[in-house]
Amino acid sequence: MIELIGHETPVPSQQQHTGGVRGTSACTPPGVGERTTVLYCPPPPPERPEVAAEINRRVVVWMQGLGLGGEDNVAGVYKHDPGRGITLCHPGSQDVERMTAAGKMIVAETAVDDYFCETNSRRDANDQTIGPNLSLAQSAIDAPRLTPDLQALWNKCRDDHPVLRAQHEAFGDLERISSPAQAQRVRHDIAQLYLGYNAENGWRLLNRLPPVWQYLANRQMNSFRPCLNLTDALDGYELAPQLYAHPLVQDCTARATLIATLYNDLASCEREIREHGLPFNLPAVIAAEERIALDEAFVRACEIHNELIQALEEATGHAASALADPALSRYLTGLWSWLAGSRHWHFTTARHRA
C-alpha cells in the first residue's frame, strides 16, 4: 500500500502588483511568509550523500571532456545537484554506473533547455530558431541515415557542438545500461519533451499564457517523463515492452509524469517570476485565467496536484490488481518512489532558491 502523507508547503506571498498579467508580479520567496498549504505525497526516501557526490564528480569529469567544464557550468551542476536528485528518485538503485548514466542525460537535457530555449526566451520576439535547434538536438540521439558525404558532415557538426555531443554521448551511455526497448522508450519521450519545449516557446513569442487545461496538456509532454521512465533500467530489470505498453500502465505513467512535473512548477514559482518576463508555470496560468492573486493561485495549483495524486493512487491499485505481475509491481513502486524523491528534491534544492 502507498502511504500518502501531508507535506506542509510554504505559499509565496504576493507583493504589490507590477506585471501586465494578474498573478505574475513579484512575490516573496517561498518560506518567508507564515501561510502554508498541504501537498499529499509519499514520504521522502533517505538521503545518500556519498553516492550523490560520486555521481556529481563523474558527471563533472565527463562535462570537462566535452568542453562544457567552464566554471559557471560546473557551479551549475553542483547547484543543481543531479546526483542527489537521482539517489532520491531511484532509492532501489545501488549501481553508481547506471545512476551516473542518468545524471549525464539530465545534464544533457538541461544543456539543451538552457542553450536553445532559455537563452532564446530573452531574445526578441522574432527569433524562430528554437524549433529547428530542438530538431537538431533530437537527431543527436536519433541519428539521420544520410549519404556518406552528408553523414560525415552531420557527424562533424554534432561532435563540434558541445551540447549536441553531450546529447549523443549521454544517450550512448544510456544504451549501454538498458535494453533496446528501454532506450527507444526514452528516445521517444525526449522527442515528446521537445514538442513541449516548442509549444512553450510559442506562447512566449505570443506573450500570452494558455488556459489551464491547455497548459496541463502541454505539461504532459514538457515533463520529466524521460527521467521517470528510467526507473526499471536504473534498478537493473526490465518491464516487458508489451506490459509497459498496456493502456493501464501507460495511464499510470502519464499520471505520474504530470504530477512529478508540477513539483517543478510549485517549487520554482518565485524563481521563474523573478527570472522571466512571462512566467510559465501552473500558479501563474491559474492566476491569469481566474484573475486572482498568485498566493491564491498557488493554493489552487496544490489542490489540483492533490486531486491528481489521489487519482493516481486509484489507477496504480487498479493496474496492479488487473495485471498481476512482479515486475509491474516493482515498476509501479518505482513511479511512487520517483514522485516522493522528486517532491523532496524540488523543495530543498539550491537551484530554486535565490
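Positions of Cβ are set from backbone N, Cα and C atoms, glycine also.
Feature list (source: Swiss-Prot):
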REGION    1-29  region 'Disordered'
BINDING   Asp113, Asp114, Glu118, Asn264, Ser268, Glu272  Mg(2+) binding site
Residue, out of the binding-site residues Asp113, Asp114, whose Cβ gathers the largest set of other Cβ atoms within 10 Å: Asp113
Most Cβ neighbours inside 10 Å, all chains, among the binding-site residues Glu118, Glu272: Glu272
